[in-house]
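According to Swiss-Prot, the site 'Transition state stabilizer' annotation covers Arg17, Lys24. For Arg157, Lys213, the entry in Swiss-Prot reads site 'Positions MEP for the nucleophilic attack'.
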Amino acid sequence: MSVGVWAVIPAAGRGVRFGSPVPKQYLPVVGRPLIVYTLEALAAHPAVCGLMVVVTEGDLAWSGWTEVAGKPLLTCSGGVTRAASVLSGLLALPQVVHADDFVLVHDAARPNVALSDLERLLEAGCAHPVGAILAVPVRDTLKRAGSDGSIDGTEPRERLWRAFTPQLFRRSQLVRGLQVAAADGIEMTDEAMVMERQGLRPLLVECAESNFKITTPDDLVRFEFELARRV
């Protein structure tokens, strides 16, 4: 993978579901903010040439880092939603990032993406006409619930995947799709959904389950365990 890409990391969320007064991306993990692990995981790939972190305006928790692993780290202010923050990050990218360049978008609270998975995403996504996302096939049995909370049926899982990040798309297509969705008042929960709404079909690239998102305190404990395994 020789083509350089920038990564946009939306980090303007407040982590309401986590139940902490501190946004989860800044929670200390082995003495370091969670987001540092995320940034280092992305910067470890030689094809990632810069990072744009989208923070809340006036974010006092942000430490003002300007580089990671010798690569430039820029910041901009985000919006009320994830989609608005991603759009802000894409528009704030430096001039060296052209309209048709591929850009990675990655969750700030997903600190454990493997270098090998990132490599396969970049290889497959940059060779695909639309782009690609990391994802994991659904392996559990899925039940559909009725309005009373009882089981209403069992859903076939053979073609279902859980969408992870990073997600890799061309900057111009993602910007255009996000702007149209915002104008239409449609909430976009991930970047692949933005592309799907334009009639495009991104590629699914399987990744490790260890690339999970920190959503609950149990997830944080799990990540600490993953860190201990690295030693």
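Backbone N, Cα and C define each Cβ position, glycine as well.
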Which whole-number value in Å describes the distance between the Cα atoms of Lys213 (site 'Positions MEP for the nucleophilic attack') and Lys24 (site 'Transition state stabilizer')? 11
Min neighbour Cβ count (10 Å) across recorded sites Lys24, Arg157 flags Arg157
Where Lys213 (site 'Positions MEP for the nucleophilic attack') falls in three-state DSSP terms: coil
Roughly how many Å separate the Cα of Lys24 (site 'Transition state stabilizer') from that of Arg157 (site 'Positions MEP for the nucleophilic attack'), to the nearest whole number? 31
Within 10 Å of the Cβ of Lys213 (site 'Positions MEP for the nucleophilic attack'), how many other Cβ atoms are there? 16
